[in-house]
Each structure stands twice: as structure tokens, then as C-alpha cells.
DNA sequence: ATGGTTGCCGAGCAA
């Protein structure tokens, strides 16, 4: 079972890329972020034609998340229970016997801003919710655009991306580590320990060509699924295509 | 590098 996460940065623009990628990569489940589409505009009919059901929670202009699956999707949850939020950043659902939790984590803009405070409060709410979600669903995959690079291997320049910088600040990394301490394991790091493997490259300054990137798109597997995480990676190919998203898909394969 | 690029929508904001 191949499960992937992809921040498409507008599904309206990226639908041809998604179609191409679904056809060649053949994922079983895909978590999308930044669809930037109201629900009535979501291309669910076109996706059925490609063999995928979908559930989604969108809004105009910003945010928006979805889960696509070849198999039936059950028990859909939108948002974090008990955390009022007008921003559509969370959708969870069950596929087979696996709970899929898709996050579009707050970017945070800059350390010390109101958006940064919102990011940390939002991550705290996710932590509280996931501790109970894991009890109810031990076989769980938490994936998405985390907008946090876990450690210095995951940034092209640790001098710039340091403990005072957004996406790499100590408080953000601590919040991510706290989530992982619930028993969630970075599937990529179960299989690779090298630096310089990124999932996002800034559109500016020819970031992709120069590999000036960060690894901020993660697939985390629960304790129960860890022995089944047979492979994980990042598919850079769609980032090479014409008019790409600034993110590449990150994936984990569950076996057995 | 208070730059640079893309997507939203039609002026700046968010990333």
C-alpha cells in the first residue's frame, strides 16, 4: 500500500500534474494540501475516472486538504476536534484498517509573529487530538506539509535555516519532536540517513536547479505500523515538470 | 539580501 503526501499549491493549476503522477506512480492513498478550492469546485468526478475516490475540505484562495484513495474511505473527520479554526488544514479518514491523518501545518511566516504563535498553538492542539486518535486507531499514518524541517540534514544551509528561523526554529522542532514522542516515526528516516534530500524548493533564485531546498513534507508511521514501513522516499520528478508545484510528493509503502 | 517567484485575483497577501 503506497501512501503519499503532496502539497500541490492550487489543484486547479496542478490537476494535469496530479493526473500524470497518479498514472505513473500508482499510489493507493494520496493526501493533498493547498488545494485552494471550494468544495463545489473539487474535481471528484474527474478523479473517479482515474480510479480514485476523494474526500476534501477546502476554501477559496488559501489552504484546503483532501484524501484520495482507490479503496473506500470511511469515518471522515475535518478539522481538529475542539479547536475552532476557519482555515481548512486537517482531514482524517480510514482506508482499510489504516487511519490517515492529513495535515497542512501553519507556515508561521516569521519567528515571533502572530502567525508563529498560531502555528505553535495549532501544533499543540494537534498533539492533544492525536494522543487520543492513536489510542482509537493504533494503525495510523500522519502525513502532510509539516512546514518544519526536522534537523540539519533536512536543510540546504543550516547557517541560514537555524534555531531563530521559521521552519527550523527550536520551538517548532520541539513541537514536531513532541508529536513524534506519541509513537510516530519519520518513515523517510527509517530508510535514509543522508542529508540534502528535500521535498520543497523555493520558486525564487532557481531553488530547485541549485537544490536549495528543505525536507518539510513528512510521512510518519505509528508504532504498530513501523514494522510494515517497507520503503519511503520523495519523488522529485513532478518538480521537474513545466509549471510545477514548489513541493514534491513524499511517500511511504506499507507491506504485509 | 526587506530581494526573488507563483497563485490567488485583479491590489497586495501568503507562501
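Yeah, the Cβs are placed from backbone N, Cα and C, and that goes for glycine too.
The annotation domain 'Endonuclease/exonuclease/phosphatase' is assigned in TrEMBL to A:4-247.
What TrEMBL records for A:7, A:34, A:145, A:147, A:246, A:247 is Mg(2+) binding site. Proximity of residue A:145 (Mg(2+) binding site) to non-local residues of its own chain (separation of 6 or more, Cβ distance below 8 Å) is seen for A:5, A:7, A:33, A:34, A:103, A:104, A:105, A:200, A:216, A:217, A:247, given in sequence order.
Residues annotated as active site in TrEMBL: A:104.
The DSSP secondary structure for residue A:145 (Mg(2+) binding site) is strand. Here TrEMBL flags A:145 as active site, proton donor/acceptor.
Marked as site 'Transition state stabilizer' by TrEMBL: A:147. Counting every protein chain shown, 23 other Cβ atoms lie within 10 Å of the Cβ of residue A:147 (Mg(2+) binding site).
DSSP gives residue A:217 (site 'Important for catalytic activity') a strand state. Annotation comment: TrEMBL describes A:217 as site 'Important for catalytic activity'.
Summarising the environment of residue A:247 (Mg(2+) binding site), the number of other Cβ atoms within 10 Å of its Cβ, over all protein chains shown, is 25. Here TrEMBL flags A:247 as site 'Interaction with DNA substrate'.
The active site, proton acceptor annotation in TrEMBL covers A:247.
Of all the recorded positions listed (A:34, A:217, A:246), A:246 has the fewest other CB atoms within 10 A of its CB. DSSP assigns residue A:247 (Mg(2+) binding site) to a strand in the three-state reduction.
Taking the centroid of the Cβ atoms of A:7, A:34, A:145, A:147, A:246, A:247 as the Mg(2+) site, the other same-chain residues with Cβ within 8 Å of it are A:9, A:33, A:104, A:200, A:216, A:217, A:245.
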